[in-house]
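Enquirer: Below is the structure I would like to discuss, written out as structure tokens.
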Amino acid sequence: MAAAGKLSTYRLPPLPTIREIIKLFRLRALKQLSQNFLLDLRLTDKIVRKAGNLTNAYVYEVGPGPGGITRSILNANVAELLVVEKDTRFIPGLQMLSDAAPGKLRIVHGDVLTFNIEKTFPESLKRQWEDDPPNIHIIGNLPFSVSTPLIIKWLENVSHRDGPFVYGRTQMTLTFQKEVAERLTASTGSTQRSRLSIMAQYLCHVQHVFTIPGQAFLPKPEVDVGVVHFTPLIQPTITQPFKLVEKVVQNVFQFRRKYCYRGLSMLFPEAQRLESTGKLLQLADVDPTLRPCHLSLLHFKRLCDVYRKMCDEDPHLFAYSFREELKQNKGRTQKEAARETHSL
Ligand code: SAM
């Protein structure tokens, strides 16, 4: 019979509740930093369970705040937890958790948008991209204003296999405003289909794992919150550079209610717009009258592949931005108008 003691899991010793920690350290949520705290440890446990099996895992938690999710991660038998928190007021409360879990919790006062994770975890955790994901997980409940730019940055990291993905296909479990979670996971034809759906899904398997009602947070945000799990794909659906994919996708969705040729035509300078858009759509075998939300990942793959060829043939094409052209034309018209007024 196995010795029961050896199988027992790690639990934090009794601690003040998160509500008591908030009171003790006077951690009033700052509205300007969009801070909303999770106090219900059953919910934080659920987020952590959805991240997968964390036994002996190395975890990177972004924005731990008063430490609700942090406690659930520490209770999941992890090897080590690194937390990065921007607001110094939370550091003493986190220090208390660190004292309760000796050797397990590393606290960094810093900004997740600039923190370099590449050398933080042991080299031995690295896996080949084609292997199973490494035993490293990213978990976080960040302000919505940070989570969207951060996921775009991390998706670019996935495409370059750098940042948190130097270790392999590191999995992420993150919260977003529910509408953003729906956009990230929207399938072809869904009204929520957007730039984020394509950028996330061509690189990752993306799952909206559950929704947390706004009232579970203190203070209550205006919206509900979606928990989204990401696993980078071994083979991305589109193999062109991230910036090129981003440009094509952005152009398509800027006229989301029009036929797709409208947005795609803006990839080309006015003088060649008609001809080049026709060529792109024909070579990519895409029906010009499809709406952006009806374009599949394979449509985008073909559009990006053909656009890449066209950029290779015309070295100025990729740098072309119709917004810049618009700005310059506006500037010119204003200057001309000013000259005319002056000469009157
Ligand atoms: N994780 C805690 C919870 O679920 O109760 C706190 C959530 S609160 C929505 C977001 C946390 O992220 C706050 O503690 C805030 O100070 C922190 N934060 C915001 N921007 C950050 C950034 N750029 N880098 C690190 N932490 C950040």
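Quick reminder: no glycine exception, Cβ is built from N, Cα and C everywhere.
Pulled these features from TrEMBL for this protein:
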- ASN36, LEU38, GLY63, GLU85, ASP111, ASN141: S-adenosyl-L-methionine binding site (BINDING)
- 43-234: domain 'Ribosomal RNA adenine methylase transferase N-terminal' (DOMAIN)
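Quick one: how deep are these features, and who are their neighbours?
Expert: Neighbours of LEU38 (S-adenosyl-L-methionine binding site), defined as other CB atoms within 10 A of its CB across all chains, total 22.
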Enquirer: Which Cβ among the binding-site residues (ASN36, ASN141) has the fewest C-beta neighbours inside 10 Å?
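Expert: Comparing Cβ neighbours within 10 Å for the binding-site residues ASN36, ASN141, ASN36 has the fewest.
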Enquirer: Radius 10 Å, atoms counted are CB only; among the binding-site residues GLU85, ASP111, which position scores highest?
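Expert: Its Cβ has the most other Cβ atoms within 10 Å: GLU85.
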Enquirer: So how many other Cβ atoms are close to GLY63 (S-adenosyl-L-methionine binding site), meaning within 10 Å of its Cβ?
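Expert: Other Cβ atoms within 10 Å of GLY63 (S-adenosyl-L-methionine binding site): 24.
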Enquirer: What is the maximum Cα to Cα distance, in Å and rounded to a whole number, among the residues ASN36, LEU38, GLY63, GLU85, ASP111, ASN141 annotated as binding S-adenosyl-L-methionine?
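Expert: Spelled out: the longest distance between any two Cα atoms in ASN36, LEU38, GLY63, GLU85, ASP111, ASN141 is 20 Å.
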